[in-house]
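Q: So that we are looking at the same thing, I have put the structure below in structure tokens.
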Amino acid sequence: CFAESIPQTLMVTPKKRKHGGGHHSPYPIHHHQTSSLIDRSRRGEISRSSSLSRSMVPLNQQNNLLCGVAPSCLAVIHTLRGGGEMLPVDAFLNAVDLFGTGVFAFSGALTAGKKGMDIMGMMIIATITAVGGGTVRDVLLGSISSDLPVFWIGFPIYLEICVVVSLLTYLLWPSLEERFGWKDSAFPICFSDAFGLAAFAVLGTKKAVDLQVAPILWVVSGLMTATFGGITRDVLCLQRPRIMYPDRTMYAAPPVLGSILYALLTSSSTIPTQVAACLSFITTFSARLWSFNNPRRLPHWKTGSDGSESPNN
């Protein structure tokens, strides 16, 4: 359909060779550059390699030529040839991943500071909170693939973010809390936390899917990436893990929901991976925000004063 919509004056069909028919594959090229392209091909400056037709030039070199000729059509052509990727989506998830690292590092540093730890303790807890889940994920999945290093080993920017955020929290948070009455439960902080939680859940699930492990491990990887750092933070700070004792809002349910949705969508060959990632991110983020305004708990047992337990919804 795309080829039919291009004006015939801009279509170039490779010339048939003497031995063998040419494969008609029109490309959008300005008319005045037609002869230059054909001459370069005849001189051998563009090598011919194709299982279907020797008159086809390599796709990467074609794209380099077309980039200067018809940049508005290059993305469409690249997608039609089977090499299309929604790079803005991947870039967005990576950016949110770094942002979420900062948010989780802030959460760890703030918790450590309120527990009376010094600045070194704040840095350690902040780092564990931010990268702990991904570290455990990569260690476990690394037993399947030896080519999977722990992510922050190859990208130390994650550690740098943790250190910088810890220092800023130590220096600025006391005055912000005193002057403006800011709390760690303020909506902007919860909003940012939901962003990071959603990004970690999607990226953790995506990594397990890429390794082609069992589907149930997709969900485990997403949940582990999003929450295990927080569990370790709470244990080291001698408080009940929030994921296991959610007093007001659901914390583990949103990443589980997003991971399951990602697993279901990627199981369908008709839905691109990037679309599945976006929908899963939005679902996790929305579910987490909804839990802030609508405090709900999963079914649990209510312990009475006499120590007896009974199911409670």
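Glycine residues also receive a Cβ, built from the backbone N, Cα and C atoms like all the rest.
Per TrEMBL, the features are:
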COMPBIAS  1-11  compositional bias 'Polar residues'
REGION    1-44  region 'Disordered'
TRANSMEM  92-112  transmembrane segment
DOMAIN    95-173  domain 'Glycine transporter'
TRANSMEM  124-144  transmembrane segment
TRANSMEM  150-173  transmembrane segment
TRANSMEM  185-204  transmembrane segment
DOMAIN    192-265  domain 'Glycine transporter'
TRANSMEM  216-236  transmembrane segment
TRANSMEM  248-265  transmembrane segment
TRANSMEM  271-290  transmembrane segment
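Just tell me what is around each of these and how deep it sits.
A: Listed by sequence, the residues of this chain that lie at least six past the ends of the transmembrane segment (150-173) yet keep a Cβ under 8 A from its Cβ atoms are 98, 101-102, 105-106, 108-110, 113, 119, 122-123, 126-127, 130-131, 134-135, 138-139, 142, 182.
Per-residue pLDDT, averaged over the domain 'Glycine transporter' (192-265), rounds to 89.
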Q: Taking residues 6+ outside the transmembrane segment (185-204), which of them lie with a CB under 8 Å of any CB in it?
A: 93, 96-97, 99-104, 106-107, 133-134, 137, 221-226, 251, 254-255, 258-259, 262, 277, 280-282, 284-285, 288-289, 292
Q: Against the transmembrane segment (124-144), which of these stretches has the most C-beta pairs under 8 Å: 92-112, 216-236, 248-265?
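A: Per the Cβ under 8 Å count, 216-236.
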Q: Please give the sequence-distant neighbours of the transmembrane segment (92-112): residues at least 6 beyond its ends with Cβ less than 8 Å from one of its Cβ atoms.
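A: Distant Cβ neighbours of the transmembrane segment (92-112) are 121-131, 157-158, 161-162, 165-166, 169-170, 173, 184, 189, 192-193, 195-200, 202-203, 229-230, 233-234, 237, 239, 277, 281.
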